[in-house]
Structures are given as structure tokens and as C-alpha cells.
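Noted in Swiss-Prot for the protein shown:
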{"type": "BINDING", "residues": "29, 40, 108", "note": "Fe cation 1 binding site"}
{"type": "BINDING", "residues": "31, 40", "note": "Fe cation 2 binding site"}
């Protein structure tokens with residue numbers, strides 16, 4: 001049997017090989033004109049991978065299914081049970097490569113609906129799970145700014161990236177969602193008042209905060 005050189009490379013210590021990071025977001029959601037439909041999962045993947053590079057933890061990939069509140073209609077989503085099924089497969093294989101603790105980095109608000117069921121997998125699979133969520137106002141300034149920093153936002157399309165053109169921006173035009181969810185309505189009102197823009201400094205600041213939070217959780221797991 002091959003003996004692995006666990007102390008190789010730039011890592012916090014050898015125990016970090018027992019920690020995995022999984023990105024969770026959404027692959028199929030409209031995000032106006034300046035951001036791609038898979039913005040959430042790309043941001044979550046970037047944050048997850050950077051935290052792993054900084055610490056030596058293992059980036060275990062992404063959760064493909066996502067879920068959403070029934071009244072938020074801006075994409076194609078799945079059932080909570082689909083997420084649980086996919087994660088069960090992923091976590092079972094993670095254990096086979098020595099993973100004992102996992103941090104799930106979620107950048108899609110709707111996935112919070114699955115948090116309880118995800119935590120229940122701890123006992124089912126016998127693996128420690130930390131669920132970290134970084135919700136951002138949909139397709140608005142924060143997401144635009146982060147997207148620009150990581151290279152997925154198209155600045156040339158910002159002229160048309162407005163709520164009056166795309167209802168999902170800030171969820172301003174998603175009337176049912178605003179009526180049924182107070183937080184969504186408050187965010188939409190803020191977007192109506194302030195508009196949306198790309199702020200590179202804000203994007204860098206938020207990315208650093210998110211990455212550092214994941215790094216801290218990895219450190220706490222050691």
C-alpha cells in the first residue's frame with residue numbers, strides 16, 4: 001500500500017486532509033444581463049477553492065441540485081430531497097478518501113430550505129457538517145461587484161442591467177415573492193432606491209470576508 005506524504009506542500013498541518021469544502025449555489029437562474037445564470041455556484045466555488053488553497057483542505061466540488069421558495073420564479077430548481085440524495089453520494093465518497101469534517105459554502109438563498117435535512121446527514125453518514133451561508137441580494141450590487149472581481153460580470157452589459165428590464169434584479173419585479181417574503185421586499189425596496197452598480201472595492205472586501213470566514217471554520221475544525 002502506498003504511504004501518502006501528508007506533510008507535502010503548503011498546508012496548515014496534516015490534519016487538514018480530513019477536512020473537505022463543498023460549494024453550493026444554483027446553476028440555472030436568471031441574473032439580469034451582466035451576470036451568468038450560474039452566478040451563485042461560481043461565487044461559492046471561488047470562495048471554497050480559495051479557502052482550500054490557503055489552508056490545504058480538500059475542495060470536494062459542487063452540489064448540482066438546488067432548491068428555492070415556490071413563490072420565487074426566476075430559475076429552474078429542484079426538491080430538497082434531490083439535494084439530500086446528491087449530498088449523500090458526495091459525502092459517502094468523501095469519507096472513503098479520509099474526510100471526517102465538511103464545510104458547505106452556500107451562496108444561494110433558497111438552499112437554506114435544505115439546511116435542516118443537510119445537518120441530519122451528520123448522523124446518517126457519521127461525518128461532521130458545518131453549513132455556511134452567504135446570501136446576497138439577487139443580481140444586485142453585491143453580486144455584481146463580486147462577479148466583476150472574479151471575472152464573470154460583463155461591464156459592457158451594465159446599461160441594460162436594470163430592474164425595469166429584468167424583474168429578477170433585486171427581485172424588484174417578482175411581485176408574488178415580495179408579497180410573501182418581507183426580507184425579499186425590503187431588499188427590493190433598497191434596490192429601487194439605490195439602484196445597482198459594480199463596485200470593485202466592495203467586491204474584493206466581500207470576497208475576503210467570505211474566504212476568511214471559511215478559513216476560520218477550517219482552522220476551528222483542526
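Don't overthink the numbers, they just go from 1 along the chain as shown.
Cβ from N, Cα, C; glycine included.
Location within the structure of each feature annotated in Swiss-Prot.
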residue	record	Cβ within 10 Å
29	Fe cation 1 binding site	25
31	Fe cation 2 binding site	26
40	Fe cation 1 binding site	31
108	Fe cation 1 binding site	27
Residue 40 (Fe cation 1 binding site) to residue 31 (Fe cation 2 binding site) - Cα separation in whole Å: 9
